[in-house]
Amino acid sequence: MGAKTYEGGDHHEDATNVLSTKSNAVGGKPRGANMLEDGDGEFGSDDDDDGGDGQDSSLAMVNPDDAAKPKKKKRSKKKKNNKKKSGAGAQRQTSPPRVPLSQLFPDGKYPIGQMVEVQDENLRRTTDEEFRYLSRGTITDDEALNDYRKAAEVHRQVRRWIHETIQPGSSLTELAVGIEDGVRALLEHQGLEPGDSLKGGMGFPTGLALNNCAAHYTPNPGQKDIILKTDDVLKIDFGVHVNGWIVDSAFTVTFDPVYDNLVAAVKDATNTGLKCAGVDARVGEIGGFIQEAMESYEVEINGKVYPVKSIRSITGHDILRYRVHGGKQVPFVKSNDQTKMEEGEVFAIETFGSTGKGYLRDGPGVYGYSKEPHAGNVHLPLASARALLKTINQNFGTIPFCRRYLDRLGIEKYLLGMNSLISHGIVQMYPPLVDIAGSYTAQFEHTILINSSGNEIISRGDDY
């Protein structure tokens with residue numbers, strides 16, 4: 001989930017093998033590959049466990065002369081028992097995902113994300129004093145780390161279902177509800193009782209942004225349902241939290257290969273940002289590497305070539321407990337921002353690319369809301385506002401939510417109270433973010449845990 005706002009730097013192509021994923025299979029044309037094509041790159045004005053088979057390998061060494069002995073029967077029985085034992089608890093996830101993770105991982109230990117060894121010695125802490133100074137935050141806490149990994153596994157399993165089922169003709173409302181129902185089922189927190197959704201659930205409303213809408217769109221009550229088309233570019237951005245530790249990850253879905261270069265550009269840029277992240281890395285420099293990777297691509301649409309531009313008005317961000325947007329930002333363009341990443345911090349490294357202007361403005365409608373973390377005690381004259389604030393505190397805290405979530409709780413006639421909370425600075429409203437009409441935008445995002453001994457891309461999967 002991007003946070004609302006830079007040229008230069010060297011781009012290192014796949015600096016580590018460990019970061020090579022199947023994302024690189026998407027072909028990309030560097031800038032200039034289509035010099036013989038027409039087009040000026042503008043859309044116009046803004047006026048518009050690998051398990052075995054359960055067989056004991058030692059049986060292959062049994063002497064054939066022993067076949068007639070009574071022992072064979074006993075050994076055969078043992079083999080059968082072993083085979084049965086190996087299948088015990090080997091439950092598989094359903095589609096749609098509804099088997100709780102507590103049943104799939106009865107030991108309560110969840111898969112580790114992709115570990116990335118620090119390559120630059122200047123980013124490695126070498127003294128005990130420095131390590132003690134920087135060893136703070138969340139990732140040194142084993143319980144919190146396991147919560148992160150649990151949330152990441154839920155994210156992977158739910159998006160696996162998305163990849164299996166999404167197709168032209170899909171309803172965005174049904175897709176959003178399916179994602180959120182899957183997250184709640186796997187975490188065993190339906191969020192219908194006060195406080196339950198604060199133990200585990202959605203980290204923010206499911207983002208389903210189409211085409212020139214880059215971010216912050218979700219289907220809400222009263223809106224006409226949108227049906228996915230073959231020529232659409234869909235960004236799917238959703239968060240999962242366990243005890244307030246939020247995993248924020250996003251990807252782009254297309255059905256027409258004409259958009260392959262756009263997808264490749266953004267995927268490359270995100271992986272570049274992940275490679276550059278680390279203790280003492282400066283966010284302005286990371287933005288430069290991201291921009292160089294992103295803007296080395298171009299895409300041809302309907303015979304016209306467009307450069308892929310890094311979007312400037314939205315950024316990656318650090319993540320705090322129960323707060324998907326912390327105080328630090330990671331731009332997608334080079335800047336002079338000398339802010340450093342520090343030991344123990346968690347970041348959402350995301351990038352957005354566009355065939356349009358590369359600058360987003362507020363679109364019509366409302367994506368969602370969140371309570372301001374530093375909102376003070378304010379007298380609210382409206383009883384509806386006071387009641388709504390109580391509901392927000394009990395069910396969401398500072399986690400973003402949307403109108404669908406309020407309707408799901410049975411809350412009615414809350415718009416007047418919501419407007420009061422917004423006007424008093426207690427609640428923030430998020431509109432959709434759009435580039436110029438006719439343009440296309442793409443997004444990829446991962447959550448990374450910053451550690452001097454090596455970062456963990458907690459949300460990495462076999463899909464991206």
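From the backbone N, Cα and C atoms, a Cβ is placed for every residue, glycine too.
If you look up Swiss-Prot, you'll see H216, H325 marked as substrate binding site, on the strength of sequence analysis. Swiss-Prot lists D237, D248, E445 with the feature divalent metal cation 1 binding site. Annotation comment: Swiss-Prot describes D248, H317, E350, E445 as divalent metal cation 2 binding site. Taken from Swiss-Prot, the feature compositional bias 'Acidic residues' covers 37-53. What Swiss-Prot lists as compositional bias 'Basic residues' is 70-86. Under the heading region 'Disordered', Swiss-Prot lists 1-106.
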Legend entry - Neighbour tally for E350 (divalent metal cation 2 binding site), based on other Cβ positions within 10 Å of its Cβ: 29
Legend entry - binding-site residues clustered about H317 (divalent metal cation 2 binding site) [Cα within 10 Å; pool: H216, D237, H325, E445]: H325
Legend entry - Which binding-site residues sit within 10 Å of E445 (divalent metal cation 1 binding site) - Cα, from H216, H325, E350: E350
Legend entry - Site with most surrounding Cβ atoms, counting all protein chains shown within 10 Å, from the binding-site residues D237, D248, E445: D248
Inset, instruction - Tell me, in order along the sequence, which binding-site residues from H216, D248, H325 have their CA within 10 Å of E350 (divalent metal cation 2 binding site). - result: D248
Inset, instruction - Compute the mean position of the Cβ atoms of D248, H317, E350, E445, which form the recorded divalent metal cation 2 site, and then list in sequence order the other residues of that chain whose Cβ is within 8 Å of it. - result: M1, G2, A3, D237, S249, A250, G316, I319, F347, A348, I349, H446, T447
Inset, instruction - Work out how many Å separate H216 (substrate binding site) and D248 (divalent metal cation 1 binding site) at their Cα atoms, rounded off. - result: 13
Inset, instruction - In whole Å, note down how far the CA of D237 (divalent metal cation 1 binding site) lies from the CA of H325 (substrate binding site). - result: 14
Inset, instruction - Measure the Cβ-based neighbour count of H325 (substrate binding site), defined as the other Cβ atoms within 10 Å of its Cβ. - result: 24
